[in-house]
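S.K.: TrEMBL lists these features:
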- 127-282: domain 'Lipase maturation factor 1/2 N-terminal' (DOMAIN)
- 461-570: domain 'Lipase maturation factor 1/2 C-terminal' (DOMAIN)
- 25-43: transmembrane segment (TRANSMEM)
- 82-100: transmembrane segment (TRANSMEM)
- 129-149: transmembrane segment (TRANSMEM)
- 219-241: transmembrane segment (TRANSMEM)
- 253-279: transmembrane segment (TRANSMEM)
- 299-318: transmembrane segment (TRANSMEM)
- 345-366: transmembrane segment (TRANSMEM)
- 378-395: transmembrane segment (TRANSMEM)
């Protein structure tokens with residue numbers, strides 16, 4: 001039996017016997033990702049955006065979708081919460097059909113984009129992240145360019161290489177812009193290749209392995225930063241290379257980078273989405289390359305990447321060699337050189353991709369029927385137009401880069417809306433532009449460079465807000481526990497991706513600014529004081545949620561956090577770090593060290609004048625709107641989530657069984 005399973009798996013993975021499997025795999029992957037996004041939204045909606053949430057969606061619904069609001073609320077009598085629930089459940093059901101491979105029509109994916117775009121708008125500040133926009137853009141291109149329009153699902157009749165170029169180009173744009181903005185930001189940590197010495201401790205939600213990665217030797221961490229630059233910029237060009245071998249190498253490098261990020265951080269579905277976008281890069285059609293030609297391409301790729309490394313980095317200098325310090329690595333590329341280089345590369349990349357789309361379409365239409373040639377021609381025109389729109393943010397990377405003349409055929413208002421990112425089909429990206437949580441060496445009494453390899457020591461000062469409360473009238477302040485964000489020094493980071501706890505994420509951003517820029521935090525404090533179940537359910541306080549404990553006062557304290565260190569030669573050079581011991585040689589006794597700074601929010605009660613004034617200033621309704629009914633909605637939402645997940649498992653399992661039985665029946669007939 002085991003040999004039969006292996007033989008069946010090898011046949012499924014044989015591209016020549018099963019053409020089109022990668023297209024089907026990509027379409028299913030997008031269904032999975034949208035399902036995760038909808039379920040994550042469904043679980044958090046009561047506390048974040050419902051009538052008793054931190055930022056109610058009623059006013060946003062009325063202002064952003066006035067016609068839809070009149071049809072749903074005014075005429076039908078439903079409220080915004082019921083509408084959001086219906087859209088979320090419908091989106092989860094449709095994404096289940098796509099993930100199970102039951103329906104993969106283009107209209108289905110456009111429906112997913114439309115549904116998530118509505119929820120994205122209603123989510124306000126809690127859904128202002130780049131991966132939400134990326135999911136919308138990738139879903140739009142999937143529905144228009146890759147998903148079938150004449151059949152309900154993709155048949156194994158060949159890969160959709162024409163539409164695959166759109167996803168390849170989107171992935172190229174994502175990675176290239178992520179690399180270029182790091183250089184343009186002139187962040188000292190990226191210029192000195194020390195970013196990873198801060199990243200693991202200062203990222204929004206560290207993963208379980210982040211503490212261990214933080215203990216790595218500085219040379220390995222700086223080599224990791226150098227590898228990140230190579231993968232995000234030069235290797236990104238491989239994603240839109242004309243040959244399958246080069247694209248496959250580029251996709252493998254991107255997948256390798258995303259796996260490393262997954263192992264050390266919690267970035268919801270972003271890494272999985274990036275890896276899914278690598279699937280079209282591996283499409284090769286029905287043409288096979290000779291072994292000699294494949295080896296030659298790999299050698300050329302290795303030579304290209306090696307030349308880029310030599311141009312971007314310097315491994316020491318003559319002075320370093322004289323002092324026998326061979327381990328120093330420097331970044332040679334500056335913002336001006338980067339803009340000049342990519343100012344020449346971007347037009348070539350855009351025009352080359354358009355050429356490849358047309359050549360691929362012509363080659364696939366040769367020898368086909370008249371109807372198929374017409375469909376291919378329409379697909380080529382649509383894909384070329386989408387690539388042009390996708391490329392618009394790239395022309396904003398450098399000030400001297402002018403838009404191509406053929407964009408004049410489009411309406412100027414449409415182009416301006418696309419450039420500003422107001423739409424699900426063309427946006428700019430810039431992940432990790434600057435490293436946060438960088439402490440000042442002057443504050444650590446460092447008079448001369450004492451870090452590793454002659455660089456200033458990497459002093460980590462991650463700002464973190466800790467909420468404290470007085471319970472049941474007690475004068476003692478107790479720290480409130482969140483589910484995922486750092487809190488107690490002995491608490492190990494947890495794995496939560498692909499789910500994204502939006503409140504925990506925004507607490508990280510709030511620590512970088514002031515309370516006046518975060519009205520949702522004022523609303524959250526008010527909900528805690530009134531014991532609103534929907535908001536309290538967002539944190540890990542079962543006593544307050546059940547009503548057994550009443551919050552009488554709340555305050556917020558700002559701390560500086562850092563990972564503890566294992567006692568090593570280079571960690572002793574960093575001032576202010578706390579060494580820790582290992583429990584059974586595996587787990588640190590203390591994960592975090594923290595230093596109290598000041599009160600971020602002064603003590604507030606439910607009737608405090610400053611709280612009431614802030615609520616009036618931000619136009620926030622105080623207290624719980626729906627009382628006990630909202631508590632019931634909050635408790636039943638997890639049940640609905642489990643039902644949706646179970647429905648997905650059942651549908652996918654039954655469909656696989658049905659497909660396997662049908663294949664067996666066909667084999668018996670033949």
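Note that Cβ sites are derived from N, Cα and C of the backbone, with glycine treated the same way.
Curation does not apply to TrEMBL; its annotations are automatic.
What you see is a predicted model, and the numbers here were worked out from it, not measured in a lab.
Describe the structural context of these features.
M.R.: Averaged over the domain 'Lipase maturation factor 1/2 N-terminal' (127-282), the predicted model reaches a pLDDT of 90.
Proximity of distant same-chain residues to the transmembrane segment (25-43), defined by a Cβ-Cβ separation under 8 Å and at least 6 residues beyond the stretch ends, is recorded for 85, 88-89, 91-92, 94-101, 104, 109, 112, 115-116, 119, 123, 132, 135, 138-139, 142, 146-147, 154, 167, 268-269, 272-273, 276, 279-280, 498-500, 637-638, 640-641, 644-645, 648.
Remote same-chain residues near the transmembrane segment (219-241) are listed as 165, 168-169, 171-172, 175-176, 178-180, 182, 190, 193-197, 247, 249-251, 253-254, 256-257, 260, 281, 301, 304-305, 308-309, 312-313, 327, 329, 331, 333, 342, 345, 349, 352-353, 356, 452-453 (criterion: CB distance under 8 Å, separation of at least six residues from the stretch ends).
Long-range contacts of the transmembrane segment (299-318) within the same chain: residues 226, 229-230, 233-235, 238, 245-246, 249, 325-333, each at least 6 residues beyond the stretch ends and with a Cβ under 8 Å from a Cβ of the stretch.
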S.K.: Under an 8 Å Cβ to Cβ limit, what residues of the same chain, 6 or more beyond the ends of the transmembrane segment (129-149), are close to it?
M.R.: 23, 26-27, 30, 33-34, 37, 104-110, 112-113, 116-117, 120, 155, 160, 162-164, 166-167, 170, 174, 267-270, 273, 277, 280, 379, 382-383, 386, 390, 421, 424-427, 429-431, 500, 505
S.K.: Apart from its near flanks, which chain residues at least 6 from the ends of the transmembrane segment (345-366) lie with a Cβ under 8 angstroms of it?
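M.R.: Residues 158, 161-162, 165, 168-169, 172, 237, 240, 242, 285, 372-373, 376-377, 379-380, 383-384, 387-388, 391, 394-395, 397-398, 401, 404.
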S.K.: Going by DSSP assignments with H, G and I as helix and E and B as strand, what are the residue counts for the domain 'Lipase maturation factor 1/2 C-terminal' (461-570)?
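M.R.: Counts, helix then strand then coil: 33 helix, 27 strand, 50 coil.
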